[in-house]
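Noted in TrEMBL for the protein shown:
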type     : residues : note
DOMAIN   : 19-194   : domain 'PNPLA'
MOTIF    : 23-28    : motif 'GXGXXG'
MOTIF    : 50-54    : motif 'GXSXG'
ACT_SITE : SER52    : active site, nucleophile
ACT_SITE : ASP181   : active site, proton acceptor
Amino acid sequence: MTLPEPRQTLVPSGPPISLVLGGGGAKGLAHVIVLEALDELGLKPAEVIGTSIGAIIGACYCAGMSGQDLRTYALDVFRMKPEVLRRVFAARVGRFTEMLTNGFTNPVLIDPQKLLDGLLPSTVPQTFEELAIPLKVVAADYYARVDVTFADGPLIPAVAASMAIPGAFRPVLHRGRVLIDGGTINPVAVDQASQPIVIAVDVLDGSAHDRTIDETIPDPWQALFGSVTLMMQVLSGIRLAEHRPTIHLRPPVEGFRVLDFFKVKEIFAACEPIKDNLKRRIELALDATPAELLESRKG
């Protein structure tokens, strides 16, 4: 089955805005609502910094897709659940029989690059240099234990590395480094922003409100992704305290899990109300003086 293709609309870079799109699995579909808000203001950021799902959506956006394009594409793709699951299954690297013979040294993992090849729109180019808007993609070096930012050269391997959640995706070997999900070190990479106005979209559910006590034992996948999310919440709090953005946006995605991609319609509906307030905050930031912008980013 052929996946639907989006309309490509290449645009020049815009005002001095760094847009930081954080990691968080399906919760990161909220980034699309933020992009729609920018489109409604007629604005394009000077650069986009993406981690994990933020890198995926950022790559599509920087390739020329509008927020509405991304909404349509996501709705079309994730309504085809059997097709998506087939592509995920086709991207696996190990077999269950190998686990029986070799133990867990060669587990059944998903090759993130194969998965991207099967799910990304064909309009996403192969290199950073072909993008309409500059993009920085954040991954983590497994052995050096540092975050690594890619902004040139091959695009797809960098995005694949940025989304390679340990235990679910195979690490990516790129430019001589073994790379895993950038969210394990830098889930909301505000420190990579170079513009005076920094909009950070944090989709990690770090707040304690609206939570209920649940005695349900999570299944292995829920436990794995839940643990990774918990770690990312702590790390993002540290990073955001050290590098305060002009606008710190936290879409209301606390009711969703990192694997809830098939709830894309519900995620969009939950986040739609943030648009008007976000647009007002962006307009205020654009009207601010350099001194006021600097003051807004002080801890």
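Any Cβ shown, glycine's included, is placed from N, Cα and C.
For the motif 'GXGXXG' (23-28), the list of distant contacts is 51-54, 56-57, 162, 181-183, 187-188, 203-205, 225, 229, 232, 251, 253, 256-261, 263-264, 267: same-chain residues at least six beyond its ends, Cβ to Cβ under 8 Å. In the predicted model, the motif 'GXGXXG' (23-28) shows an average pLDDT of 94. Across the motif 'GXGXXG' (23-28), DSSP helix (H, G, I), strand (E, B) and coil residues number 4 helix, 0 strand, 2 coil.
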